[in-house]
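Per Swiss-Prot, these features apply:
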- Cys378: active site, nucleophile (ACT_SITE)
- His513: active site (ACT_SITE)
- Glu515: active site (ACT_SITE)
- Ser15, Lys188, Thr189, Lys190, Pro191, Thr192, Gln193, Lys224: UTP binding site (BINDING)
- Ser15, Asp148, Met149, Glu150, Lys188, Thr189, Lys190, Pro191, Thr192, Gln193, Lys224: CTP binding site (BINDING)
- Ser16, Leu17, Gly18, Lys19, Gly20, Ile21, Asp73: ATP binding site (BINDING)
- Asp73, Glu141: Mg(2+) binding site (BINDING)
- Gly351, Leu379, Gly380, Met381, Gln382, Glu402, Arg469: L-glutamine binding site (BINDING)
- 292-538: domain 'Glutamine amidotransferase type-1' (DOMAIN)
- 1-267: region 'Amidoligase domain' (REGION)
Amino acid sequence: MDRAKFIFVTGGVLSSLGKGISSSSIATLLQHCNYQVSILKIDPYINIDPGTMSPLEHGEVFVTSDGAETDLDIGHYERFLNRNLTRLNNFTTGQIFSSVIENERKGEYLGKTIQIVPHVTDEIKRRIKSAAKGLDFLIVEVGGTVGDMEGMFYLEAIRQLKLELGNEKVINVHVTLIPYIQTTNELKTKPTQHSVQELRRLGVTPQIILARSPKPLDKELKNKIALSCDVEQDSVIVATDTKSIYACPILFLQEGILTPIARRFNLNKLHPKMAAWNTLVEKIIAPKHKVKIGFVGKYLSLKESYKSLIEALIHAGAHLDTQVNIEWLDSENFNEKTDLEGVDAILVPGGFGERGIEGKICAIQRARLEKLPFLGICLGMQLAIVEFCRNVLGLKGANSTEFNQRCEYPVVYLIGDFMDQNHQKQVRTYNSPLGGTMRLGEYECEIMPNSLLEKAYKKPSIKERHRHRYEINPKYRQEWENKGLKVVGFGSNHLIEAIELEDHPFFVGVQFHPEFTSRLQSPNPIILDFIKSALSKS
């Protein structure tokens with residue numbers, strides 16, 4: 001931790017300004033200067049983690065290799081940095097409070113009255129310092145907006161850290177909005193000025209202003225922001241909208257963000273090597289080919305519920321010089337006659353609950369019968385089994401016990417027991433608590449030779465991430481296999497991890513979530529081959 005330098009990223013004016021992408025972009029530039037870099041996300045909500053939140057409330061829950069259910073921004077960090085992060089890279093107010101109360105019960109505070117300062121702020125600082133071990137830079141993204149009461153003690157902890165570490169170890173980057181008033185054709189700086197005033201009132205002074213704007217800022221406006229916010233003129237970085245989030249590091253580099261960073265930290269001029277990155281971004285922005293993927297989901301009112309999967313399709317497309325167009329198909333209102341017109345492949349993602357499953361099953365049947373390339377992920381694979389049992393084996397009552405515990409043919413059922421990542425036996429019932437009780441994180445999968453899965457991964461054993469309570473019932477396996485639906489992947493305890501359909505160009509189901517390990521620089525192999533198959537269809 002001694003050598004680590006800290007870049008704190010806060011947000012002002014309103015939420016969803018792109019602090020996560022901004023943090024990822026800064027980290028990417030520093031990483032490409034051969035520094036050891038990581039990112040930490042602080043979430044101010046009181047939930048322990050987002051695991052039980054509705055996807056429509058929070059967006060995607062991203063699962064790390066060590067089984068943590070985290071904020072979707074952790075997915076951005078991994079995809080930009082091309083490395084695995086852990087549960088140490090995300091914490092919530094719920095976790096902070098829980099730790100402080102647990103310590104109080106153990107008597108670790110020696111009878112003191114427990115207060116926000118110093119006990120809560122000390123726990124925040126401890127976690128930040130712990131995440132910085134072995135690094136040159138730790139970027140810390142503070143969720144929420146300056147002025148929110150939920151974030152007050154985080155800003156206090158940042159203020160204290162700057163005093164403890166010194167100015168030469170800390171930079172505060174404030175992401176803010178420069179709104180454009182169309183009627184007067186003006187860009188307005190007043191919200192930024194007020195946001196910075198509020199931040200400074202709380203004891204945190206920004207050294208860099210990252211101004212989100214729909215239009216470029218002229219020199220006069222940048223100078224105005226610099227003067228009113230008390231930063232150097234070259235420390236006002238304009239972040240206009242880009243055609244791809246992966247173009248943001250290039251934009252920040254062109255805007256000169258590394259100049260104030262190097263100056264503050266007493267570093268020589270920074271020269272990131274971005275040629276390979278630039279090539280991939282160019283293929284995203286101006287690809288040679290196109291495919292259309294029918295994406296059959298039910299959380300379509302907030303597409304960030306599927307963020308990692310959307311990005312994984314983009315990664316595969318970049319490596320194939322292909323624009324992947326998504327045809328969003330609502331599984332609750334699925335029209336089998338018209339919804340799949342013109343699609344080159346069908347994707348059925350993971351999900352929870354009974355709502356919309358019949359539409360997904362209908363789409364899977366179309367993919368099977370019409371030999372459209374198909375990829376089913378988690379619930380998507382489970383429903384492929386249900387569809388096959390109903391329509392090929394004639395088991396009309398086939399279902400998952402997630403939807404009907406008394407179904408006639410429980411071809412998908414609750415994982416009663418399994419070995420977790422620590423080789424501890426876990427036992428689950430239908431009455432088990434929901435939070436943190438799924439099969440979570442990275443597990444090994446043995447692949448059958450001569451399968452599409454082996455062709456994609458090019459090795460007999462892989463590790464992929466999981467997030468599920470239900471599994472395929474092996475009782476019916478022989479019946480499926482006799483009809484051409486083969487099991488091609490096995491996990492611990494012989495859990496069925498992957499299936500493929502014979503005499504079909506590409507019909508694959510996987511229990512794991514391949515999207516969680518896809519990165520711009522290294523797309524996930526099975527998703528890459530899925531897009532290849534769609535390309536051959538188009």
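Residue 1 is the first one shown; counting continues down the chain.
From the backbone N, Cα and C atoms, a Cβ is placed for every residue, glycine too.
Keep in mind that what you see is a predicted model, and the values were worked out from it rather than measured.
Here the recorded positions are Lys188, Lys190, His513, and the one whose Cβ sees the fewest other Cβ atoms within 10 Å is Lys190.
Within 8 Å of the centroid of the Cβ atoms of Ser16, Leu17, Gly18, Lys19, Gly20, Ile21, Asp73, where the record puts ATP, the same chain has further Cβ atoms from Gly11, Ser22, Ser23, Glu141, Val175.
Neighbour counts were taken at the CB atom with a 10 A radius for the binding-site residues Gly18, Gly351, Gly380; the maximum falls on Gly380.
Applying an 8 A CB threshold to same-chain residues 6+ apart, the list for Thr192 (UTP binding site) reads Gly12, Val13, Thr176, Leu177, Ile178, Ile209, Ala211, Ile225, Ser228, Cys229. Ranked by how many other Cβ atoms sit within 10 Å of their Cβ, the recorded positions Leu17, Met149, Cys378, Leu379 place Met149 at the bottom. Within its own chain, Ile21 (ATP binding site) has His76, Ile245, Cys248 as residues 6 or more apart in sequence whose C-beta sits under 8 angstroms from its own. A straight line from the CA of Arg469 (L-glutamine binding site) to the CA of Gln193 (UTP binding site) spans 49 Å. The Cβ centroid of Gly351, Leu379, Gly380, Met381, Gln382, Glu402, Arg469 marks the L-glutamine site; residues of that chain outside this set whose Cβ lies within 8 Å of it are Gly350, Phe352, Cys378, Leu383, Ser400, Val412, His468, Tyr470, given in sequence order.
For Ser15 (UTP binding site) paired with His513 (active site), the C-alpha to C-alpha distance reads 28 Å. Residue density at Gly20 (ATP binding site): 25 other Cβ atoms are found within 10 A of its Cβ, drawing on all protein chains shown.
The Cβ of Glu402 (L-glutamine binding site) has 21 other Cβ atoms within 10 Å, all protein chains considered.
Sequence-distant contacts (6 or more apart, same chain, Cβ under 8 Å) of Lys224 (UTP binding site) comprise Thr189. Annotation for Met381 (L-glutamine binding site): spatial neighbours Ile472, Ala498, Ile499, Gly509, Val510, Gln511, criterion Cβ-Cβ under 8 Å with sequence separation of six or more.
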